[in-house]
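Worksheet: the structure to be examined is printed underneath.
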């Protein structure tokens, strides 16, 4: 039964292997992927409940004693993110049926999605720093496939850039792990935390902390390292973009959160101030980008950058409100980004262009799409009953409690810019003179895209309205993040 | 010995950065190859170059080399091998489709298409 926490990794992995035997049978591919993802979701939800009642679940491969084997740790932080990722992947696969195109479906699209999910879930669940690197590579390899699949010219160019950036950041990751190993002599994350506490964090550990920030910052797109993201994400088709936007940067954010709450907690003056300043600048860069473009995809892509900044601002506070807010916000953001990408994907399908200036009056023909988009846009900006509110409120409270008045005000101000950027899509795209739409040869096609999008938006609304019901789980997560001893005691069983 | 290795690794990193900043895709891939060589040598060096015998259990051997960095390197080598193979094929495909391996040219070709 203790091995049950491996199901979110094993199920997608074996399904991907099964799918590789019959790539041309599209119906088989679709059904098996969907069934496997539903099963994985059920396992993940069951695991959340187990952790809530029985505490952190730990399994070490091969029954080795704790610091020597590879440990998998399912605490509430990891499990909430795993569950969110699996649900987002489920909706993306459903949305893909009508949008990704039969040619891609016949060429290992679904195995690619499942292997990426394997890597993402593994990265969330692992308790070993080198194993984290390996799972990063698993998800990156699958994401290279998904980003280049189809082989359009734009995709080829952007994939070269994307792969190059990630090869460099992976090499940096290996270098950083080598430095860390030479200082503490262990790779188990709980053991590293204990060893750093014994050393009382000398200067070299702070240097390694900054190196980790650079490595994971390249994956998560924080301020000076986000340059590759906008064009690399704009090239692949919309379902792939939704998957990337919802999952990939969040793995980097999770890795920063984990290392900055578990390892580098004894001298927060430098590292966490750096994180705070960079998160504010990340928000600034994202805001400028989101207002600068008339491409609907790019507006939402720059909103990813803003959200990364907001989450890391919550992490940098290192108090209960800030960390709980960051957990609330990261889960919300994964759902809402996927939903928004689905919706602008439908806009691109019905208008035949991604340029906002060429759109107009979609509301006359597609009112349901318009209202769904408006709810999602309000949710993203954080209007009270919806999902973005509680996370941002707690983050700002945490910032004020830590005495960061001006940066907290900046977080609030950025919400207005986020709202402006997404409402611009609504005003230009849905209002105004009706412009030429792609002839609707089949309304059913449009409906099949709209149903998963609407359900995902409904889920975010439920997440916002039911915040009180979710709070105990978020408190568990904040507890683990705030007190590294909870994590290390569970793993090392002293 | 560690100091000599550090200089060698630093030189590899320097060459890698120089090559990665060039315009030809092939030079960039050679740069990533050098970068991964540097990273792998760095793991070996940071694990400590002490120990006389290889980490294989045999009678009468007491002073073995640290086995953990060697396992890490082996993993990192196959991963970077896989990524490099993919990257090379991608560069080949990009050359076929776009007709050039110069990154500035590729930017110009795609700007004309828009």
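The backbone N, Cα and C atoms fix where each Cβ goes, and this holds for glycine too.
Quantities reported herein were computed from a predicted structural model and do not represent experimental measurements.
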Annotated transmembrane segment segment (source TrEMBL; candidates A:163-184, A:471-492): A:163-184
Other parts of the chain folded back onto the transmembrane segment (A:6-22), taken as Cβ under 8 Å at six or more residues beyond its ends: 28-29, 32-33, 36-37, 39-40, 43-44, 47, 59, 72, 82, 86, 108, 110-111, 114-115, 117-118, 121-122, 125
Within-chain partners of the transmembrane segment (A:107-126) [C-beta distance under 8 Å, separation at least 6 from its ends]: 5-6, 8-9, 12-13, 15-17, 19-20, 23, 29-30, 32-33, 36-37, 40, 70-74, 78-79, 81-82, 85-86, 89, 92-93, 96, 100, 132, 134-143, 145-146, 149, 243, 247-248, 251, 254-255
Contact call for the transmembrane segment (A:368-390) against the transmembrane segment (A:240-257), three or more Cβ pairs under 8 Å: no
Interface-richest range of A:132-151, A:240-257, A:336-356, A:410-428 toward the transmembrane segment (A:449-466), CB pairs under 8 Å: A:336-356
CB contact flag for the transmembrane segment (A:299-316) and the transmembrane segment (A:410-428), at least three pairs under 8 A: yes
Selection from A:31-48, A:269-292, A:336-356, the stretch that has most Cβ pairs under 8 A to the transmembrane segment (A:410-428): A:269-292
